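Heads up: the structure comes next, in structure tokens.
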Amino acid sequence: MSTDLQWLLIRKYNSFLVKKVPEGPTFSREPGNLLNLHSHKYSGLANAKTIDIQNSESGLQITTKKSKASSHAVRPARTTSAVRNRSGGRRSLGVVASLAKKGYRPDLRAAALGRASALLATQKEKKASPPKKVRGKKVAASTA
């Protein structure tokens, strides 16, 4: 079945649709959708090639769907690669960019980098804020 026909079938009705505001954008929770926007370009269900980036305990988990796998398989063939937390942000973004750039889905390169950098930002530990300095009249009041 072609990807266009699949999109026409699942476009209006599927279990992953999220409609918050009638006039606003329609979102989707499907796996493989990098921007969570309900469109054919970003759809993880209708496209033969998808990139899915998720958080895991060990770091980022990057999953791609094999496009030449048999359509009669019990479950779709996927490849999974993981980038460890301690590898650093530049290495993980390089892995994501090279995966998207190698001809797999170059149109999703910017979306994949954005998703990976957002997930990396959530994994960082927040710095403790320094104590507030007492200024002005409060200094004299506290010393007296």
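Including glycine, each Cβ sits where the backbone N, Cα and C put it.
In TrEMBL, annotation is done automatically, which means it is predicted and not curated.
Per TrEMBL, these features apply:
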- 5-121: domain 'Ribosomal eL28/Mak16' (DOMAIN)
- 63-90: region 'Disordered' (REGION)
- 122-144: region 'Disordered' (REGION)
- 129-138: compositional bias 'Basic residues' (COMPBIAS)
Which residue counts does DSSP give the domain 'Ribosomal eL28/Mak16' (5-121) for helix, strand and coil? 41 helix, 25 strand, 51 coil
Can you give the mean pLDDT for the domain 'Ribosomal eL28/Mak16' (5-121), rounded to a whole number? 84
Could you give the residue numbers and ranges of same-chain residues that sit at least 6 residues beyond the region 'Disordered' (122-144) on either side and whose C-beta is under 8 angstroms from one of its C-beta atoms? 55, 59, 85
Residues of the region 'Disordered' (122-144) by DSSP state, where helix covers H, G and I: 9 helix, 0 strand, 14 coil
